[in-house]
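Okay, so here's the structure we're looking at.
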Amino acid sequence: MPIKFLRLSWSTEPSLVYNILTTHWGLPAPNLVVSVVGGNSRTQIKTWVREILRQGLVKASQSTGAWILTTGLRERLGRCVGQAVRDHAAAASSVSLNKVVALGIAPWGVVEKREQLVNPQGSFPVRYYVQNISRESCSLDNNYQAFLLVDDGSVGRRGGEMGFRARLEEYISHQRTGILGSGSIDIPVVCMLISGDADMLKRMDLSLKNSIPWLVLAGSGGLADFLSDVLENLSSTPAVPSSGEGNSEAGPSVDLKDRVAERFKKHFPSEIQTDKLVEQAFSIYQNRGLIMVYHGEHESPNDFDTVLLKTLVGASKQRALVEANPYSDELKLAVTWNRVDIAKSELFNGDIQWKYEDLEDSMTDALINDKPQFVRLFAENGLNIVDYLNYGRLESLYRSAPDGTLLYQLLQHCLEERLGNMASAQPSSEQQGLSSKVVADNNESRPRRKFTLFEVSGVLKHLMGDACQPFYYKALGLQSSSFKRTAMKRATKILHGGSKYHQQRCPHPWASLFLWAVLQNRSEMALFFWEMAGEAVLSALGGCKILRELSKREDETETKLSMKELAQKFENLAHDIFSSCYRSDENRSFSLLIRKSHFWGHSTCLQMGVSADARLFFSNDGVQSLLSQIWWGDMKRNTEIWKLLLAFFCPILCYTNLISFRNQYDQQEEERMLFEDELDQDNDSLYGTTVFSFTDIKQHEVDSEGQKSDAIKGVPQRPPQSPFIVSRWRQFWYAPVTSFLGNVLMYFLFLLLFAYVLLVDFKPPPPSGPAATECVLYFWVFTLVCEEIRQTLFLGTTWTQSFRLYIQDVWNKCDLTAISLFIVGLICRMFHRSHEFGRDVLCLDYMVFTIRLIHIFAIHKQLGPKLIIVGNMMKDVFFFLFFLGVWVLAYGVANQALIYTYDPNPNRIFLRVFYMPYLHIFGYGSSIEEEMDVGRELNCTDNVTLIESGEEPCKNQESNWLVVILLVVYLLVTNILLINLVIAMFSYTFSEVQEHSDTYWKFQRYNLIVEYHSRPSLAPPFIILSHIKVFIKRIIHKVPSVKIHHFVLDLEPKAANRLSTWETIQKEDFLTARNKIQKSSDSERLKRMSAKVDDVLKRLTESKEFEHRLQAQMEHYSTVLNWVVDTLAQGSTVKPPRPPPALRDSLPSSSKSTGFQP
């Protein structure tokens, strides 16, 4: 990747340069800027300073996402920083490489071979060659990401870039951190002084006046040692009173400025004009609150990021208000740098009482910039998510979606759709002007993201489809059953009238944040929000559904794979959590599967699982147990099929012991005891009944005719017990398995009748026909049409939704095709002119009806997966036919053109170009001898006129050898290559599906059970009686249907809360067990052991430092006592022979602050 550079004037605006760096060059916005200044031409950089740069500065920059600013030249500090960046890049991963950004800001007139960077004609990239890069020089260092070359008009003069560099640092310090400046603090800027000449005092004084903090590396030599001496010793040396009794002005009291000058001459004896430099040094001393002295020679470079943090915190405390929380700035910096370890050890160790106001901004920063560890930390330490998340803040979170992401594109599409609908809804006189205004506003608002909850709801509706009702409609004051255009008009009116809902609390904050994180594909944060949200199984399935839909629309391969992996992770969680629930309580787990969720748009776990294609979830034993219970109704699940067939043909047998049924009295007694147990715990916390058998269905039917069903709402009230004859009859005939068996048998009879009509009894058009059997067939198909209409009407709440849900099923498409062909054939066979065509259509339709019979195999455990294998193989066949068609066309056209020079007959062309080459694959058609036959055909001609009139043309004798070669190549490719290719494709498809055949079968079994659970008990053609009954009850008497709500349980709020609480307990137990297993792994043990060893080493280092400081203090006190003894021995009138000794900390702590007043 080429290194970018920019040549600019010293007076260039820093805002323009910063925009070029971040926007045009694509450098990530910094969370911290470390400007390394100093260096001394007379001394070499010390070894420990190099270690500080390599192990401390660069690693700290990588962990905080910082920019490093130096001169960028191959000399002194610039060379050392470049080498440190190079070493880090060689050892670090590709993820961390993008976080370490080193920028060089150098004077143009000093750069060696700068003429290579100038080309009047323009050149990209520029070729910059430097010889002997091992020695120090003023050439550009290729270890930097970019260079800013400041041209002040001088040549060979250093320091021309200092003014621009200081202005750039000041400008960056006023920009916000985070994505698009969404952070809670300005970008922190710190200058790091290493060694340095006296001329650097002016640069440092200017930055301090702009409130830029400085970190002085004591012991590195030059100006750094001078400043550390002044800041440490002048502040700690006490003023000694005069020993004389008279003139106090003549005493040893020394002015601070004079003492600064004295130390300046000590460190810089060669400087001549010192007055101005001393003034600058004294000005720096007065701003000592912004300076921190770091003794890196005696400290570990691994804690350098902590040193930077304390430097910035100390500087921020100097600028902070007195009433402000002194730790808020440190928290904001820790969040910006994503250092949760520092926050846990220093800020959330129990010593500080955090308020909600202190955590609010940092929480927003952590959410927007994807820092889930801080979100978890805030949630555990006093941040109330209910008070935090209102609808206004939720909208702001969605508006922070980065440009170019899939979520941003979907939101933008919904916004443009709403604005376009608003423009089209205006009167024609105002439409043109308003349309242009909307477009202009849209173009202006595109970068400002004026997304609302209506756009969020539109995106979720687009992804979730008909699996659930729209989200956030209640907050916007919209009806969930509203049409799309009506909802847009209503939402536009509400949003233009003022968003009063912004201050409303979000009733499900964790679930709303879970949706927000899933839509942005933030894995760790989504998992945390899932742990905190309720309805664990349904939430996991909902996240799986959203991610799989997003992966279908994502173009980037890595993002698509990450979405699929996260979706699979959520499906695994849903499977594992429900397994834990099923092992704990079977009845409650069944209620959990069909419980209607108000947050997830009145969807259930089963509905969401089908929509998400969660095959692993449906393979769960608990889900299959519920489906089996529904499938068999009140009959025992181990009933043999032959017993059902006998009872079906001889219904009187259902009253015998041939088939075992669940005892109705025992069933009611069991449920009564269950609910009495619930009443003992909480009189109002009840679970609803589940529509498992006819008895439950009948109860719902009875309740729906009167008042609202108490059974649905949680109180199980059974109707009076019916006579045995009636109840047993209903238990047998209303079971879905009986309905399925009846439909299969009657469908076989339908196919036999259809075949008999086509083969034996297909009469001519009226008045001679149709025959009686054909009229029965027409009536039979009419009952099938009525059943398809019933299925369509009962699928959704609106006509469009019902038809959309109906057409999604492949077998419904097959039914629609078969019925359409039958209608076309019926119409055509009624007329003499199209009678034969109608018969042909009906013959083709018979094939479609027969193929529809394959659907019944879905219930069989061995044959069910074969349906999926056949479906996948059909896709493979289409790809095979494409390749085959290419070779057939190529060979057929070439063969026809070589054998026959001229033949315009289209029938013969089609026969010889497509049909004959296709037969060659299977060994039919003309043989090689026929292709090589040089004799002329008896009934052929070369006359063009006769050929055009339809005569057979003669073969061309000159190209027979080429025809044979083409035939050999064609057979080689088709018979060996392509045929084996399709066999390999079929084998791969078979092995892939067969490996998971049990999972596939259990998943597709659900749709079949749902279909026959909702079907009437009678099979076509007798199903017309059930349709008449349904029409009378639903249309005439207006009795609502309960069976259309199959597998749906609506609970009272208290009962729903109790069920959710039980589910949450099971989830917590599962997560606890999983975390325990993870902690017991070898890798986690090694991590804990390593952390303990590091803590022990840190404590040993601290104890050694304390011992050295204590020894230094003891030596100081001994010296002071000797001085006191000498002074007293000389008498009070004698001047002391030497000034009092000053306290010198031989090994000061890195955390020592010089910001206190003397």
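Cβ atoms are placed via backbone N, Cα and C, with glycine included.
Automated prediction, rather than curation, is the source of TrEMBL annotations.
Some features that TrEMBL has for this protein:
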type: COILED; residues: 658-685; note: coiled coil
type: COMPBIAS; residues: 1147-1158; note: compositional bias 'Polar residues'
type: DOMAIN; residues: 4-236; note: domain 'TRPM SLOG'
type: DOMAIN; residues: 346-619; note: domain 'TRPM-like'
type: DOMAIN; residues: 747-997; note: domain 'Ion transport'
type: REGION; residues: 1131-1158; note: region 'Disordered'
type: TRANSMEM; residues: 732-759; note: transmembrane segment
type: TRANSMEM; residues: 810-829; note: transmembrane segment
type: TRANSMEM; residues: 841-859; note: transmembrane segment
type: TRANSMEM; residues: 879-902; note: transmembrane segment
type: TRANSMEM; residues: 909-928; note: transmembrane segment
type: TRANSMEM; residues: 961-986; note: transmembrane segment
Spatial neighbours of the transmembrane segment (879-902) far in sequence, C-beta under 8 Å, 6+ residues away: 909, 912-914, 916-918, 931, 944, 947, 953, 955-956, 959, 962-963, 966-967, 970, 973-974, 978, 981-982, 985
Within-chain partners of the transmembrane segment (841-859) [C-beta distance under 8 Å, separation at least 6 from its ends]: 740, 744, 747-748, 750-751, 754-755, 758, 811, 814-815, 817-818, 821-822, 824-826, 828-829, 866-867, 870, 1001, 1004-1005, 1007-1008
Integer average pLDDT (0 to 100) for the domain 'Ion transport' (747-997): 86
Contact set, same chain, for the transmembrane segment (732-759): CB under 8 Å, 6 or more residues outside the stretch: 630-635, 641, 644-645, 647-648, 651, 654, 659, 661, 693-694, 697, 771, 773-774, 776-777, 780, 839, 842-843, 846, 849-850, 853, 856, 859, 1008-1009, 1012-1013, 1015-1021
